[in-house]
Structures are given as C-alpha cells and as structure tokens.
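Peer 1: The annotation domain 'K+ potassium transporter integral membrane' is assigned in TrEMBL to 23-517. Feature annotation from TrEMBL assigns domain 'K+ potassium transporter C-terminal' to 529-791. If you look up TrEMBL, you'll see 21-40, 60-77, 149-172, 192-211, 218-240, 265-285, 297-317, 342-367, 388-412, 424-443, 450-472, 478-497 marked as transmembrane segment.
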Amino acid sequence: MDLEFGRGLRSPKKDSWKTTLLLAYQSLGVVYGDLSISPLYVYKSTFAEDIQHSETNEEIFGVLSFVFWTLTLIPLIKYVSIVLRADDNGEGGTFALYSLICRHANVSLLPNRQIADEELSTYKLECPPEITDKSRIKVWLEKHRKLRIALLIMVMIGTCMVIGDGVLTPAISVFSAVSGLEFSLSKDHREYAVIPITCVILAFLFFLQHYGTHRVGFLFAPIVLAWLFCMSAVGLYNIIHWNPHVYQALNPYYMFKFLKKTRKYGWMSLGGILLCMTGSEAMFADLGHFSYSAIQLAFTCLVYPALILAYMGQAAYLSKHHDFYSSSQVGFYIAVPDKIRWPVLVLAILASVVGSQAIISGTFSIINQSQSLSCFPRVKVVHTSEKIHGQIYIPEINWLLMILCIAVTVGFRDTKHMGNASGLAVITVMLVTTFLTSLVIVLCWHRPPILAFAFLLFFGSIEALYFSASLIKFLEGAWLPILLALILMTVMLIWHYTTIKKYEFDLHNKVTLEWLLALGDKLGMVRVPGIGLVYTDLTSGVPANFSRFVTNLPAFHQVLVFVCVKSVPVPYVFPAERYLIGRVGPPGHRSYRCIVRYGYRDVHQDVDSFETELVETLATFIKLDASYRCSEASEAEQQELEPSEREQRLKVIASNPLRHRASYDIQGSVGHSGASTAAAAAGAGDGDDATEISPARKQVRFFIDSHVSSPDAADGGKQVAEELAALAAARESGTAFILGHSHVQCKPGSSVLKRLVVDVGYNFLRRNCRGPDVALRVPPASLLEVGMVYVL
C-alpha cells in the first residue's frame, strides 16, 4: 500500500512560511528529541573520572568552550549548512548518500541493475551524463571492484553503528533522566530505585512499538518544545543569578588553556564532550519527513540557542559551586533550583522517552533499507499506520533492542560507561557521513576535488580527534558498540556475499526461452487453471527452480508470470512506474514477465493489493501490446526478432490504469547488462497526438501511434479478447505463488573460510530468519515451494 506516497518527494515549489513553521514545529518531536536531552549527561560524562572540577574553573570553562564550538561546527555548519543539501529526492541518511553515489557512478554491487531503472522519475541526476566529465575518483571507483566493496563496507559500518546507537541511546537517555531521583533519595536507596524504574520505562517504550506511535505522536512536539523552553529558562536563570560573565568562556582560548592544564586526561574527556552532538545525524536521517528549510529553521532559531543557554547555565552554576563529594554530581539536576526539580524531572523523563522513540524508529527504518540492499537477513516488516507512509515496526528487532537496552542499563549502571559506548557509536556514524558527503561533492555536485578534500580534512580532523578520545575508552564501555558492530557486520557480509553468489548461480543456470516454448511438445505439458506467479531474482530468462519444477511435474498454470521483486537505488518508486511488464514467448503461450521495483524506503504491498494491481497491469499491457503490434513498423520489426529478443521488450504500466493511462516501451538487454529505452506507446484511444501525465509533478510525454485507432487494429481484437478472457478466468480459479526453497552448500575443494561463511553462517541465518514467503507477504494457503540446491 502506498499511503501518503512520496512524502519526501516535495514539489520544487517553495513551501509557504506557514507550512515551513508548521513543519519546523512538528520536527521538534521527531528530529530533535535525542539532541535536546544531551545536557542531561554531557557534563556528568565529561567529569566522571578523567578530570576534576577545581576552584580555578579552567576545567568547566574549557569544557563549555569545547561544547559551544562543537555544536557550532558540526550540527550547525556541517549538517545544517552542507550535509542537508546532499538529499536524495528529499531523503537523507547513510543510504541516501550511497544511493546518490550509485546513481552517478557505477559502484553498486546489486547484480540485477537495468538501464530501464534510469527512466524512473526519482532517478534524477544533478547533471546530464552526456555533459559530465568523468573525474579520476569516479574512474577509480568504477574500475576497481575492491574500492566498491570498501565503499559498501563503510556504509555497513555506519549502519551497524546506527543500530548500536539504537541500543545505547534509549539506555543512557532514560537512565540520565531518572537519575534526578538521586537528590530525593538516600544513598542506600538510589541503586534500588533508579535502575528498576529505568528498566520499567524502557520495557514500556518497546512494548508501545507494537501498537505504533502515531496515536500519541501528536504529543511529541509539545513535550520537546516544553523541555527546550524549560532548559533555556533554567539556564538563563543560572547565568543571571550565578555568573553573568560566563559568556567569556566561549572564547576558543579556553579550549587551549583547558588542554594545556589537563593534557592527556583532557583529551580523554573529549569522549564525554562529543555527546553534546548526539542526535545531530537525525537532522539528516529524518529529512524526508520534513523539509530542509523547516529543519534549518527549527535548529538555528530554537534548538541551538536553547542548548547553548542550557550548557552556559550549568557552567555558570558550577563555576560558583565546588563542594561536591563526588564528580558524579557534576550534572544537570544539580543546577536546577529545588522548587522546580520535580516538574523538571518529569519533563526530562518524557523528553528522554521521545528522544528514544526517534532512534528506535530510525533503527527500524535503516534495517528495512539494509534488507532492500540484500545486506540483512529477511525480517517481518509491519506497517503500523494506515495514513503515514514509512512508519514501520519490526517485531524481532524490537524485542532484541529491548533486551539489549535493559542489559546495558543493568550491566553498566552509570552514565560514564554508557556515555563512552554511545559516544563511539555516534562519532563513527558522523565520520562515515563526512566521507560519503565528500564523495557526493565530487561525483554528484561536480565540484573540484580540492573542495571535497578540504571538507573531508576540516570536519574529518575534528571528528577523528573525538573518535580517538572515544576509542581510548575501549575497556571502559567503548568495547560494546565495537562488539555489536562486529557481530552485525559479520551477519551482513555473510548474507550479502551468499546472496550475490546465489544470484550468479541462478544467472549461470537459467534456461532459455526456446527451451520453455519447446517443453510442451517434449513432455506433453498440461496447463492447469489459475495464475502461477514464479518468483525469481532474474530479470530475464527462465529460472532454474521453475525448470526443475516442470521437468518433475509436467504441468503449470494457464497464465504464467515470472515475478522479479527488485530494489533500485532511489528512495521511492511511484506506483505508476512500479511495474515493468513484458511477454515470455508468443501471445498464445500466456506467459509474462513482471519486474516490480521498490525504492529503499518503500514498504512492500500486501498480497491482495499486489495481486489485484498485477492483474490490472497485465490487462492494460495486453491491450497496449496489441495496439503496438498492429502498427506496420512494429510488425516488420517483430518478424526480425528472435524469441529471446522478443522477451526483452518491457513496458512500464501504471499500477492504476484508470488514473494513469500510459506506458513506456522499453527494448534492449534487460538481463545482467541492462536495457535501453526505445519508443513510447500509449493506448488512450482518444485520437490525440500526445497525452501528458505528471507523476510527482514531473511532466512526461507519451506519444500515441495513429495505427492504434485505425480500422485495421480490429483484426487483432478477437485475439485480445481471448487473452483477456483467459486472464479473467485464471484469476477466478485462484493464484499460486511459486517460490524456491533453497539449500546452499559449498562446492568440493572450497576454502575453510568459504565453508564457514556459506555452510555454517548463511545456513544458520537462513534457518533462523523469516522465509521469503513472509518477506513477500505470500499467503500460506497459496504457497508452492520448490526445493533447490545451490552449489556455490
């Protein structure tokens, strides 16, 4: 179901100021929940052990200076001013950057790529390829496969760290908010209150995911807005009441003074300071839900000033108070006046829940995107809202995150270790984004390489400094995101490698169209009533699992459709462009090929709507194909085509023929090598010379051949009527979904590593993840599985 489709694909027309203000307000609850609660734990993590808060105030002023310039350089300048412009049709995030690079350079490792995909409305390039000079970087990436693999591995590392952040951020956010109870409880009761309450809140948060957050989502923005105003007010009070001259600490000189005094321990404390930009990546990752101007407005006019006031207020209070019995008290709540501490505590807990919800939803989204690139085992994706496109829930991942979050809370029990773990995950994702953005500057924006290098050097150096400070805390909590990333990377690499090898096996063992056409005469093939949907990853040819099926059981359905569900490097595919339809053999054979294309942010349709749309598109294709074959030019051309070449003709058929009466005609090699656009044909039958439709407000012209409405076209009317009647009768008889049930094993003589990867790793993942029938939403009653052994 394509509900509120293309939310991120906004019109190039600029939003009105009212719309921008509304989107900016709504973005507070989705984008800035995580970033806004960072003052709860930044100072506490920084002063946990490495440095001490002394009466000279050099430490607290140095930390404030670092926080100010870090927030200014990374979230404000890097993300808001530069990275947010590297959107993919309005979408942001790691996969959006990788998708942009894959479209502008041939670096994708997905094997079933087609040139026909470049005709999609969302497959836009910054500059036409014919006027773009190839840079050396592009040539190197396209020439060396190892560089392309390294690029994909880098994207996987960023993905793994985002998932790791989905474990760590809820734990540290809720724990830091609840730790405000320490000031109201005795020392003996703190351990027995803070940890259990944190675990209960986390469990409730993850149980809520099953029902979807759209029912309470309207509360998120007011909660974060109230929290930002609360932080600002408390910070402004502390500045005025305790130290109005704290603004002097914004001078960069205090950073050098801080490092000069603290030396090694000051550098190690940077692992706590970097937590001030936790959640900055969400501005880019959630770009598709809002607009660039809305996110920019919300951050520069509200979030950024509120954060600066909050940190300055804490520093102003601490500069006049030094009598703490432990450094762990150097936190947020110590600077909150006693009279309002309880209301602030409640509001902080609510804000931490909102911030945690954002990162959990982001984890679901990035796993779904990884699955679309064949980089993650199949999981069940549930659409939790009938109105909001892209709001999903993954049961297995949800419960796994809950268990890990509670384990982290119980295991670490303090902000220091949680902060060290979370900081490493956050800064790694930022480093990956910096590197990918520098490639986008060269490959997509076609700017001079020196500009991309300057961007990489400047921001990469800052982030590398923080990364080194986090990595040195390996034994103090930073080992956790590294361990999670290693496990996830192993799973993703094993799944991706074996999936590619399986595709190559299918490609090598596919049978020809001539074999299928001659099969009826050799085996006495029987056609049974109904529609048979044969799922395959191939975009041409007959898959080996089907040949195995019909040679053992010489019968198949009256209408046969080879269905290839594939992902393309775009965020969304419009419903009108989702289906590529073509014939497999002559019209009398009643065999077709359907390629169903999804973007990396699309949610797959349920089986009922897919089956209905497939039959509608087949009927539309039959009419359009008949009108095309009636033309004299195409008839002469048809006689020159071999059967295998005739199969390679594909048309883009609108999924709703009543709304989109149009098609493209694609001809060429649509197999492993791709396809090329030939001519366009449409069958509206209104006699106009051209009809224009504009999916996503992009005008595309479709030409109508004059022979379509000619009297000669009636000669094929009987054949078309028979074919449509056969399709309707087959639909009434029912639909069978034919899927391959694969077993994978290494061929004799394979290396030990390959045997571990394929025989042990992949088969373990395959047995313990969802089957293809669940991922494709196939009803069990209509499922027919064909056993297939892959020898890789």
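Quick reminder: no glycine exception, Cβ is built from N, Cα and C everywhere.
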Peer 1: Looking at 21-40, 342-367, 478-497, which one has the highest count of Cβ pairs under 8 angstroms to the transmembrane segment (297-317)?
Peer 2: 21-40
Peer 1: For the transmembrane segment (478-497), give me same-chain residues lying six or more residues beyond its boundaries with a C-beta closer than 8 angstroms to one of its C-beta atoms, as numbers and ranges.
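Peer 2: Those are 109, 152-153, 156-157, 159-161, 163-165, 167-168, 271, 370, 373-377, 404, 408, 420-425, 428, 470-472, 757, 761-762, 765, in sequence order.
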Peer 1: Take a look at 192-211, 342-367, 388-412, 424-443, 450-472 and tell me which one has the most Cβ pairs under 8 Å to the transmembrane segment (60-77).
Peer 2: 450-472
Peer 1: For the domain 'K+ potassium transporter C-terminal' (529-791), what is the mean per-residue pLDDT, to the nearest integer?
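Peer 2: Mean pLDDT for the domain 'K+ potassium transporter C-terminal' (529-791): 71.
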Peer 1: Could you tell me whether the transmembrane segment (265-285) and the transmembrane segment (450-472) have 3+ CB pairs under 8 A, leaving out pairs under 6 positions apart?
Peer 2: yes
Peer 1: Select the range from 21-40, 218-240, 265-285, 342-367, 424-443 that forms the most Cβ-Cβ pairs under 8 Å with the transmembrane segment (388-412).
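Peer 2: Counting Cβ pairs under 8 Å, the winner is 342-367.
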Peer 1: Let me check one thing: do the transmembrane segment (21-40) and the transmembrane segment (424-443) come into contact, meaning three or more Cβ pairs under 8 Å with sequence separation of at least 6?
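Peer 2: Answer no: the transmembrane segment (21-40) and the transmembrane segment (424-443) share fewer than 3 Cβ pairs below 8 Å.
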Peer 1: State, in range form, which of 192-211, 218-240, 265-285, 424-443 has the highest count of Cβ pairs under 8 Å to the transmembrane segment (342-367).
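Peer 2: Result: 218-240.
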Peer 1: Ranking 149-172, 192-211, 218-240, 265-285 by Cβ pairs under 8 Å to the transmembrane segment (424-443), which is first?
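Peer 2: Answer is 149-172, with the largest number of Cβ pairs below 8 Å.
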Peer 1: Using a Cβ-Cβ cut-off of under 8 Å, list the residues of the same chain that are 6+ residues beyond the ends of the transmembrane segment (192-211) and lie near it.
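Peer 2: Long-range Cβ neighbours of the transmembrane segment (192-211): 170-171, 174-175, 178-179, 181-182, 185, 349, 353, 356-357, 360, 384, 393, 395, 398-399, 401-402, 405-406, 409-410, 413.
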